[in-house]
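Undergrad: First the structure, which I've put down as structure tokens, then a few questions once you've had a look.
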């Protein structure tokens, strides 16, 4: 035998025996290359048996092996007809102690099962599944639960009967870890069941797991409950599942109640969606109110985040009678996280309640939450005010909430100040020019002098957005003089803010305003003693040349006023100034 034929497998063996874990990991990741070098026949005859015997190693290496075997590895051993050969090493990996390795092995077996024919599944996968399900050590039985959904609908009815019995045995296993795996995979499996078997087979397994003495098992049954409800008729849900729904929502473990709360309405597969609007209205309102009043803050937080979605299923009178009193209590909750979750969602009730009820019931709560001690609560309320505005109108909103907004504009938390700034342009649009100038104009300018850079940056973007809302003539009289006035300030940060603000606002203005109001002061700052200001001026001139150099008038302006200054800056003593001036000059020359 030639050395080149022996080499790949010999090198792999040597590297897998190395004491260096990283070397062994690299060897495992290279097995596709080695399989390619060996060819399909030798890969099947030598490499796969070798890998099957190589499971006495570090968990990290075994995890890599389980992953590689599930990455279309069958293409290296002759294609789909030989894919079943990979099941043997993966079966060994499904029995190891480390959960991550077992999960990855089960995932890879599932991928391989997807490319096998029905005959191959019955011949190779089903015996493997039975061996794992009946193994003495719990690790194998735990892994087996994940494989049932992958093969169930690929086999004959007789084998399906056996599989349902096998899975039922896992659901009543002595070991909690096995029962937990059964609870996790029951939902995906029962989706493959035909309707008669939901009541005869899936429901008994679910009921047994739902009443398990371990809360780690019970919390996983919430998703099973939703899956079963989705397969039953309304009458069957009332008859078979209402008791279990009440159990889960009123479970003695807060973790189970939390899981029920998170899946109540907002999840993709939610409980209220699965049971239907009628049962939700008749049976689930009381259960939901119970979650909103739960004694654990985590459960109340989860339930609060579902308020608008759940309320959409109810009549307005029911919302006012059952949900709004809970909302009132939650707005004064002792947990800041509950109040923050409520603040994010409460505005969603406004469209459902209408103008009068929102003014009467929700507006006082908005004001209260806007003055909350916790910044995130204030932030969440601000971010959703537009929804309320659409319902009650800007006059009432400004009359009641504007004082609170002005107060928040000076909040000690810069994130709250930033949120207020981002809310200003849509608010300005609704307030109109005169009202805005009177109430908020000076406030917007004051942010340019904030001590936090992010606020100054947000303030300049805000001015640009306001220019887009109110037009260039408004900007010419209300913004530009004040911004340019800061360019003479002794503090360099104010002068820097002037340059940055003009850079951002300039594209929204016109050449006439730039020429008459801006360029003189900007060019003076090109010789500022602070290098940071000088190179920011160069950046600003680059923007100016790009924005206005594409018209005959603009080209003349750039050539006469901008290029000479940039030529001068190109010889500046500071390297950064020279770099940005050269870049701006290149752009300016191209534009003209």
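Our numbering is plain: 1 for the first residue shown, then up by one each step along the chain.
Including glycine, each Cβ sits where the backbone N, Cα and C put it.
According to TrEMBL, the record shows the following:
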- 86-124: repeat 'HEAT' (REPEAT)
- 202-240: repeat 'HEAT' (REPEAT)
- 284-322: repeat 'HEAT' (REPEAT)
- 323-361: repeat 'HEAT' (REPEAT)
- 362-400: repeat 'HEAT' (REPEAT)
- 365-511: domain 'Phosphatase 2A Regulatory Subunit A helical' (DOMAIN)
- 401-439: repeat 'HEAT' (REPEAT)
- 518-551: repeat 'HEAT' (REPEAT)
- 562-592: repeat 'HEAT' (REPEAT)
Undergrad: What is the three-state DSSP composition of the repeat 'HEAT' (323-361), stated as helix, strand and coil residue counts?
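TA: Going through the repeat 'HEAT' (323-361) residue by residue, I get 34 helix, 0 strand, 5 coil.
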Undergrad: Six or more residues out from either end of the repeat 'HEAT' (284-322), which same-chain residues have a Cβ under 8 Å from its Cβ atoms?
TA: 245-246, 249-250, 254, 257-258, 260-262, 264-266, 270-272, 275, 277, 329-330, 333-335, 337-338, 341-342, 344-346, 348-349, 352-354, 357, 361
Undergrad: Six or more residues out from either end of the repeat 'HEAT' (518-551), which same-chain residues have a Cβ under 8 Å from its Cβ atoms?
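TA: Hits for the repeat 'HEAT' (518-551): 480, 484, 487-488, 492, 495-496, 498-500, 502-503, 506-507, 509, 511, 557-558, 561-562, 565-566, 568-569, 572, 574, 576-577, 579-581, 583-584, 587-588, 591-592.
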